[in-house]
């Protein structure tokens, strides 16, 4: 079976659907907590450089020992592949994403970045592997993006539209596209999650650490704050969330798995209730419901359940 046939809903997909969905949702929840951690870190006084080195450095410290303990071999991860994966989730991605947050409204980030991830992760298999996208997927993608727009519409723009805002939007286009590329590559090359993320994190740390020590001054904050951000950045954002996401890609394929980053804003809206005491508005709740509906439509969950029920009845009534 071709590496990308899982995206088309091949015979192995129904059995992989539930585990893949649970992995994808778990990754989205971890990223939602990670985003909350970023807000806490920026409020505490950490710079983007501080957070970036924590994200990749702590992830490398956590994953490389696991790779060594498991005796992992990187036979499927050649140097060109490692370089491309590192570009997709490493310094270029971090630079574009953090730059966009600095000069464009949050409402733009909520829609543009995950929207581009959905588009790129679903278009690359079509363009490069000759896949066909189902009608359910197309409708679900449109509904999911509509939900993001509804959530973003309730965030008043922090800046008036000008050239800098356009640059920020382009940064989100770039970061979302890179994440869509990462999603496709993990599926296309069938890379093991821990090995791929660990190697990319270690490579990124080797590249970033000298520049960080030479050109940036670490935030003068207590060790407890650094440990807290190490948990949010390196353990949640840099390790757990990406490994869960990569595992979801392995079960669902790049197209379906590429939908889950778009669930981070809706989940963040809900998580803000117990964590920050912030109750969502009616429009935000509507956006959450619309986005969830888009995900259900794209995954064709109802259809999968009907087909599974029909197969069960067929076996029950068939010849003994």
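Note that Cβ sites are derived from N, Cα and C of the backbone, with glycine treated the same way.
Residues annotated as transmembrane segment in TrEMBL: 12-33 (among others). Long-range contacts of the transmembrane segment (12-33) within the same chain, counting only residues at least 6 positions beyond its ends with a Cβ under 8 Å from a Cβ of the stretch, are 1, 6, 232, 236-237, 240-242, 244-245, 247-248, 251-253, 256-257, 259-261, 263-264, 267-268, 271, 299, 301, 304, 307-308.
The domain 'EamA' annotation in TrEMBL covers 19-151 (among others).
The transmembrane segment annotation in TrEMBL covers 53-70 (among others).
Long-range contacts of the transmembrane segment (82-101) within the same chain, counting only residues at least 6 positions beyond its ends with a Cβ under 8 Å from a Cβ of the stretch, are 48, 51-52, 55-56, 74, 108-109, 113, 168-169, 171-172, 174-175, 178-179, 181-182, 185-186, 191, 196-197, 199-200, 203-204, 207-208, 242. The annotation transmembrane segment is assigned in TrEMBL to 82-101 (among others).
The transmembrane segment annotation in TrEMBL covers 107-128 (among others).
According to TrEMBL, the transmembrane segment annotation covers 165-186 (among others). Packing against the transmembrane segment (165-186) from elsewhere in the chain are residues 81, 84-85, 87-89, 92-93, 96-97, 99-105, 108-109, 112-121, 124-125, 128, 159, 193, 196, 245-246, 249-250, 254, 257-258, 261: each is 6 or more residues past its ends and has a CB under 8 Å from a CB in it.
What TrEMBL records for 167-298 (among others) is domain 'EamA'. Over the domain 'EamA' (167-298) the predicted model carries a mean pLDDT of 88.
Sequence annotations record features per position, and here TrEMBL assigns transmembrane segment to 193-215 (among others).
Taken from TrEMBL, the feature transmembrane segment applies to 230-249 (among others). When Cβ-Cβ distances below 8 Å are used as the criterion, the transmembrane segment (230-249) is approached by residues 20-21, 23-24, 26-27, 30-31, 33-34, 36-38, 40-41, 51, 54-59, 61-63, 89, 183, 186-187, 191, 193-194, 196-197, 201, 257, 260-261 of the same chain, each at least six residues removed from its ends.
Annotated transmembrane segment per TrEMBL: 256-276 (among others), in sequence order.
Residues annotated as transmembrane segment in TrEMBL: 282-306 (among others).
Taking every recorded stretch in 53-70, 107-128, 193-215 and counting its Cβ pairs under 8 Å to the transmembrane segment (256-276), the highest total belongs to 107-128.
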